[in-house]
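So that you can see what the record holds, here are the features copied from TrEMBL:
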| type | residues | note |
| --- | --- | --- |
| DOMAIN | 49-184 | domain 'Peptidase M16 N-terminal' |
| DOMAIN | 235-356 | domain 'Peptidase M16 C-terminal' |
| DOMAIN | 360-640 | domain 'Peptidase M16 middle/third' |
| DOMAIN | 749-847 | domain 'Coenzyme PQQ synthesis protein F-like C-terminal lobe' |
Amino acid sequence: MSISFENLPSNFSISEDGTYATLSTPLEKSENDDREYRLILLPNGLEALLISDSETDKSSAAIDVHVGQTSDPPNLQGLAHFCEHLLFMGTEKYLKENEYSEYLTKHNGSSNAYTGLDNTNYYFDVGHEHLEKALDIFAQFFICPLFNDECTDRELRAVDSEYKLNLQEDGWRQFQLEKSLSNPNNPFSQFGIGNLESLKDIPSKAGLNEEVNLLYQDIIDILSIGALTYFGVAEPLDTLNQWVVEKFSNVKNKSVPIPVPKDHYPITEKELGNCISLKPVKDNHGLEITFPFPDQEPLYYTKPGRYLGHLIGHEGVGSILSLLKKKGWANRLSSYRSHQYVGFEVFKISIDLTEEGLDFRFQEKYSPAYYASELAVYMQRPYPRELILSGPHLLREYKPELIAEGLDYLTWDKCIITLSSKLLKGLDKKEKWFGVEYKMEPINEKLLKAIQNPNLHPDLNLQPPNIFIPSNFEVNKLTNITPRTRPDLIKDTMLSRLWYKKDDTFWIPKVGALFLIRSPLAHSTPLNAVKTRLYVDLVVDAFAEYAYDAEIAGISYYFYTYDEGIVVSVRGYNDKAPLLLLKVVEKMKSIQICPKRFQKIKEELKRQYDNRSLDSPNYQAMYYKRYAITQKIWSYKEKSNLLEKIQYEDVQQFYPTLFNQVLFEGFVHGNMSREEALDMIKILEDSFKPCEEILKTQLVGNRTVCIPDGKKFVYSMDVPDEKEINSAIEYYVQVGDVQDRELRAKLALIGQISDEPSFDQLRTKEQLGYLVWSMVEEGIGSMAYRIVIQSEKDPIYLENRIEDFLTKLQTIIEEMSEENYEKQITSLISKKLEKPKNLSEESYRHWYHICSGYYEFNKVEIDVSNIRNITKAELLEFYKTYIHPCSSVYKKLSIHLKSKNLALLKRFNSIDIKKLHELVSSQGLDSITEEELKGAIDILKIQSAGKKVQEIEFEIKKLLLKKVNEMNSDQELSNEMEMMLVKLNLFLFKRRMKLSPDAMPVLPWDSYYENL
C-alpha cells in the first residue's frame, strides 16, 4: 500500500510499493572504503543509513534521538538520562526485562547508550547472522516500551548511583559548575545527569507523578523530533532495506518540533567578563577561557573554527605553548570548539598550568558499533545527505573572512575565565549538585587594561614547513593471497630481535613499528624506576614540538615505561615513519636536561603519583590487587617519596647507562618491505651501540604471585578521599597457569556465561552499584576470574553478595538447556574469531603476544578448538573445583576499599546491643557475651545494604549462627575466619607466596624462522 511523503527532497525517489524513499545521489566516501551504502527515508520521517560490508563478522545498529539533557523540564532534571536507562527494560512484544542483553550476550554482542546535551544515542553490535532478531528487539523499544513500576524504581537508583560515582570526578564537577553558572533561563544550566532528588523527591513534593508518566511517553515519541539510525552488516542492502521497513515503520511520528529554548543562549552579557575560581579534588592547576562562538555546523564546507583551533593549539616551534613552557608557566594547551546544542557553540582554550583531508582519503574501518553510533550522530547535522560520510572530515573551501570573523569573537571582554587549583583561597560558594567550592568575580580591571594592546612576543611565529607531510602513498596490493596469521622473526641476535609482517589485509600506505628496549637497569630498583620515568617524561616534553608536526601530518609516536624497560613506537604513513623514529631516537640519545623544565616535570609527576590516592575506589581496588599479585612493583607512595631527592643531574647521568646493556625487540607491520623494516631497527642499534651483551638470566620477566590451594585472603583499607561516599571491591579468584590450555578454555567459557547474569543480578536487580564488571584475566603464569563493584554499600556486604551470586551461577549452569549452552559456546567462539578492523588493531594483537613472552600467535585457534570440545558436565566440574566458594581448592584474594563516609556507621550506633543479645541468646547461643556481640558488629558491618535496623540485627544473628555451626563441624574454619578478618600486610603476603613460572616461548625458536 502506497503511503504519501510530505515535502520529500528532490534527490529522493519513492519505491514502487511506496513504503520508503531512497537517496538517488551517491554518498561521497573514502577511496579506501569498500562498503556499500544506501540512505532511505520512511514515511514516518525516519532516515536510515544502510551499510553492507562483506568483510565484517559483526553487525550493528544505532539510533540517535534529538532529545537530550536540554530537553528536561525544569522540575524533572535528568529525565532524558533516566529514560535512556529505562528504555531497555522490556517491551510489550518482548516482556522479559533482560531479553535484549541476554540475546546479545548469547550471540557475541553488546550494547550501550549515552545522553548528550541535545541528543541520546543508542547502539548495539551482534554476530551478523543474528542481526534480524536483535534489530526487532531494538525497534520495539521505540514502539512499545513497558516502563513498569518495578524497573522504574530500580533505574532511578541506577541513575542516582551513576551520579554518585562521579561526585569526586573533577571533569564532571567543573562541567556542572559551568552549567550552573550559565544563563538560568536556558536549560543548559540544568542538572543533566539527574539523581533521586531531582527525579523523585522534587517531583513528588510538587505532586507531579502523573505528569512524570506523560513526560516519559513524550520522550519516547522520538521520531517526532528526528530519530536517525544506521545498520552495518554482511547482508545485502536489499535485505537490510526490507528489515528496516518492516521493523521501524510502526514507530509513531507525532510531528513534535525539535525543542528550542525560548532563551536561546546559555551565555549572555551577564555571564561574560567573570572569573570563576574553583577547588578541584585532585592536585592539578588549570586555566580555561571560554568564548561564545558562532555555530560551526552550517559551515561544514569551510570549517573556519578548525583553523583557529589549529593555530592556537599548535604545539610546535613558535607556538603559544612553546613560549609558555619556556616561561615555566604551562605543560599543556588545547583549543577547540565545543558544541552545546543546535545553534550554539563555545570556543575553549584550556591550559594545564604549572605552579608558576589525508586521513579521510585513507580512512580505516572501526568496530561496527562505534561506526554506527558515530554516523547516527553525523546524520543529525545539516550536511547534504550525500556528504554524511565526508562532511565532518574534509575542508572544501578556504574563506579567510570567515576565519577573521571567528577570531573577532575571541576577545577578553566577551569571555569567562575559569581557574582551578587547590591553592586558591577565599572560595565562598558551593555548587548545589556536586558541592564544588568556588567564587565568582569580575575579571581584574588591571589585567583587562594590560592586555588591551599587547605587543607580539618575538618567540611567537607561524610554523615552518612541516617535514613530516608524506608524499608517497604507493601500495603494492596483491590479489588472490591468503593473509598470514602471524609475523615472522627476520632477525635474532644477542642485540636485537625483529618480527615482521607485511600488510596483506588492509592495503593502506601506513605502518606500525613498535620497539621494546629491554633494559635490566630500568626497573631494577624503585629509585631507578622513578629515574626512568622522569627520563621518559623529559624526552616527551623536549620532543613535543616535533611530535605535534608529525601528528598533524598523520604520524604519531609513543614513548613510555614498561615492566622490562622502555617502549618506543611510531604509527601512521610509512613514507615518513623512519624519519620520525630517527628524530625520536636522536632526542632519546642526546637530550640535555634543562633544570627549569626538569623541576616542572618533576612537580607534575609528583602530583600524578599523589593524585592516584584520589582515583575512583574501583581503580584503587584494581591497583592494589595488581600490587598484591605482581612480583616486582612499587607503590605510588613509595615512588613519590623517592622523587623528592632526585635532581636533574641524577637523571642526566643515569639515562645513558640504561642503554649500556639492552635487547631491542621490535615488530614492524604494514606497508613496508623486509629491508625497510630491518632499517628501522638499525636506527636503534646504530644510535645506542650497547657496550656489553645482555645475559639471558637478566631477561626473566615479572612473575605472578600464586595463591595456595584452598586459601582465601582479604585486604581491606580505607578510601583515602574523606569526601568519597563510594566503596569498592575486587574479588579475584585465581585458577591456574595460563598455559594450561584446557583450563584456559573452560575459564573463558565461564566468563562468557557469567557476563550477563552477573550484571543482571548484581547491578540491575540488587542495585549494588553503577559499576559492576565480571571478567577473565590472563597474566604471566596465572589466570583468574574477577568481579569488580563500586558501591555505596560496605565491601563486606558486597563480598557476601558476590559469593551468593557465585553459588547461584552453578545452578544457572546446571539448569541451562543444551541449546542455550551451545549458543554460549558459539558466541564465545565468534568473539574470539573476530577479525581486526584496521591495521593498528591487528598490530597490537601480535604485539601483545610478543610482549607477553609466550609468542603464542596461534592462541585463538588453540582456544577455539578446546572450547568446541567442552561438555556441560566438564564445565560444571571445572566450576565446582575452581570457582565455587565452597571448593576445597578455591583460591581467592579480595581487595576492599572502604569509604570513610560516617553515614554508614550511624546505623551501627543505633543498634540496641542488649536487645540483639537477647535475640541471639534465645537461639541457644548463651556463651556469646554482649561485648563479643558488639565486637562482631564492628567487624562484620553488613548493615550498609540500606536495611532497617531490625533487618540488620536479624542478618547478624543469622551470620553468627552460621559461623558457630560451621566452627562446631570444622575446627579449621576458625583459622580461616581469623585470616579473613586480619588486615593483610601486602608486602608480607607476597613474601610468603610462591611465584608462577616465567613466560617461555610456546614453540622452539626455529619454528618462527620458517619463512626466512
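We count from 1, first residue shown onward.
Backbone N, Cα and C atoms are what each Cβ position is placed from, and that goes for glycine too.
Mean pLDDT of the predicted structure over the domain 'Peptidase M16 N-terminal' (49-184): 91. Taking DSSP states H, G and I as helix and E and B as strand, the domain 'Peptidase M16 C-terminal' (235-356) has 33 helix, 35 strand, 54 coil. According to DSSP, the domain 'Peptidase M16 N-terminal' (49-184) comprises 60 helix, 28 strand, 48 coil.
DSSP assignment over the domain 'Coenzyme PQQ synthesis protein F-like C-terminal lobe' (749-847) gives 62 helix, 19 strand, 18 coil.
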